[in-house]
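Q: Pasting a structure here, questions to come.
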Amino acid sequence: MLIAKNRNNLYVIFQFPGVQKEKTLAGLSRYIKKSPKWYYFLIPIIAIFLIDGIILRNLDALSFMSILPFIFFLLLDALTIKLTNKKFNNNRIMYLDFISLTLVTLFFWIGVLLYPVIRMPLYYILALAIAFPAFLRFLVLYIYYPSNIYLAATLSMNYTFSYIIIALIFYDISKIAIKFIIPLIAATVIYVLFSYIFLVFTTIGFTRKYKSRPSELIDFFLNRDNDGAIGEKFFTHVYNKKRQIPVITTNIRKENRDLVTLVFPYVHPGPFGNLCTSNLPVKISSEMGRDNIMVFHTATTNSNNCSGKNDIKNIAESVKDSIKKMKYSDTVSDFVKFNVDGYDVSLQKFGNSGISAVIPFKKQFDDISIDAGLKVVAALKKNGAENFALLDAQNSFTRDAKELDNCDMIINPLIEKFKATGSTYPAIIGYARNYEKIDGLASMGVQVLAIKINDYYNVIVLTDSNNIGREVIKMARSGVDKRVKNMDIYTTDNHVVNVSELDINPLGMHCEPQVVADLINRTVLQAIEDASPATAGTYTENITVTMGEENAFHNLMEIVIASLRKAKYSIAFILLISILVSSFSFRYMVLHL
């Protein structure tokens, strides 16, 4: 069991048997269970107190052993935790304290039921029950205080402190200090120590591999308002291999000005938030000082995220250099689309260079391996293409879709189509970009390239999003301008949009699909109205970036899942040992102090 949280709620992450590998950090959210609102706990708390009353059959005992300590416990947590960590709100405190109350109660009830067997005095059982929540509370608070383990340990014992304070109010300290308070504190400390041992044991592989504590990483991902330094530091250990990759640039000009620049970097726009090369379109746009940039998602996976700012700068510089070096053509091809082995494949040529997207049709996938993609690019260039870019359309969201690691089946059909498709039409091109604040849409918004062929238009739509729902595409196509013959909608696969949901957040899932479709169609219309004679040039530059080795992200997920498996199989044993050691220590101290 792994405990985590975000800025609004406490979360508990469970690992169940048969867990599959995750391709994204946001994909781990399937194991995150969101906490209910505070008022959902009121009836269960009252029910616990009623059952305690039936067991104890004494109102004074009920007040001392159950009601008053819990009330004081709430107040103590509200004071100490909120003062030391402002990310905690009252809802989270109520949830954590309800779990603590439940653990105390269950432990106490089980002890009472087993009394005929264990013959343990009632106050022994109560003391051990009071100490028990410290084990779980430390797991939670260790995440909130990754740089202050001693504070986390102290706050994890607040239930114990609340009982001690209540006991001091009602009893003479000289009578209870040695027989109750000191043994209770010792038992609680033992639970905290075993909780820490459990964390170290289950995460030692992660710590050795990535030189970071998992608690720091979880705290970063689930508290996005920090400075990101922890995340950046961690991913330097994941994305640390030098690799040469191509950056293909297509620049479209009108009247001696750049209308729009299409950028095809073989870098993945992840892993999360603004880390590394996530939010890649905006970062390239900012580096170049222009917003008329369309950054497409090429054949890359999360292993091909890059480490940071220097890589972004290298990409931007290569685009600038390519624009200076490229030769321009005033002709384009018609838009071609064909099916191969359950996949749709598109082709658009600018002069003797081309771009092609692989699109899920009968077979679904999510990301194309860089080696598979570059193999296609090399084959096309070998067979006559001056420049070529293979894209992953990322336009058919399917949860749990697998990566496509082999594109050999499209190579020969694509070569045939490339040779048969001539750039015989004058380049009459329009461009438009719009942005609206829509959940799932990043700041580059919706961009459209419209190419006029005779009396109709082919349009390429690029949404700055992490995939897109099929319903949005269907709505957009049904409402598009009648002059449009072909409309393909691609996405940038921008992982920045996953932050708000802590989940994969395809465009259209958490917003009204029709709103997105309408925005797309308005932008298409503007691009059509902008269409006029243009020239297009394409150039390829190879640059060196720092990215993950192949399967780097899978290796990360393997280590995370291995840690969770360790936790699953060791938690019962460690809990049992901690209970036994706490019990023996409590009994020993009571008898010998």
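Glycine is no exception: its Cβ is also placed from the backbone N, Cα and C atoms.
Just so you know, TrEMBL annotations never went through curation; they're auto-generated.
When I checked TrEMBL for this same protein, it listed these features:
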DOMAIN    26-582  domain 'DUF2070'
TRANSMEM  38-56  transmembrane segment
TRANSMEM  62-81  transmembrane segment
TRANSMEM  93-115  transmembrane segment
TRANSMEM  121-142  transmembrane segment
TRANSMEM  149-171  transmembrane segment
TRANSMEM  177-206  transmembrane segment
TRANSMEM  569-590  transmembrane segment
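Quick one: how deep are these features, and who are their neighbours?
A: Across the domain 'DUF2070' (26-582), the model assigns an average pLDDT of 87.
For the transmembrane segment (38-56), the residues of the chain that approach it from at least six positions outside its boundaries are 62, 65-67, 70, 90-91, 94-95, 98, 101-102, 105, 108-109, 112, judged by C-beta separation under 8 angstroms.
Same-chain residues lying 6 or more positions outside the transmembrane segment (93-115) and placing a CB less than 8 Å from one of its CB atoms are 9-10, 35-36, 38, 41, 44-45, 48, 51-52, 55, 66, 70, 73-74, 77-78, 81-82, 122, 125-126, 128-130, 132-133, 136-137, 140, 159.
Listed as Cβ neighbours of the transmembrane segment (149-171) (distance under 8 Å, sequence separation of 6 or more from its ends, same chain) are residues 64, 68-70, 72-73, 76-77, 80-81, 84, 100, 104, 130-131, 133-134, 137-138, 140-142, 180-181, 184-185, 188-189, 192, 195-196.
Only residues 6 or more beyond the boundaries of the transmembrane segment (569-590), in the same chain, are considered here, and those with a CB under 8 A from a CB of the stretch are 1, 124, 127-128, 131-132, 135, 178-179, 182-184, 186-187, 190-191, 194-195, 197-198, 201-202.
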Q: Residues of the same chain, at least six outside the transmembrane segment (121-142), with any C-beta under 8 angstroms of its C-beta?
A: 1, 3, 5, 10, 65, 69, 81, 96, 99-100, 103-105, 107-108, 111-112, 115, 149, 152-153, 155-160, 163, 180, 183-184, 187-188, 190-192, 194-196, 198-199, 215, 575, 578-579, 582-583, 586-587, 590
Q: If we skip the immediate neighbours and take only residues 6+ beyond the ends of the transmembrane segment (62-81), which ones have a Cβ under 8 Å from one of its Cβ atoms?
A: 45, 48-49, 52-53, 56, 88, 90, 93-94, 96-97, 100-101, 105, 126, 130, 141, 144, 155, 158-159, 161-163, 165-167, 170
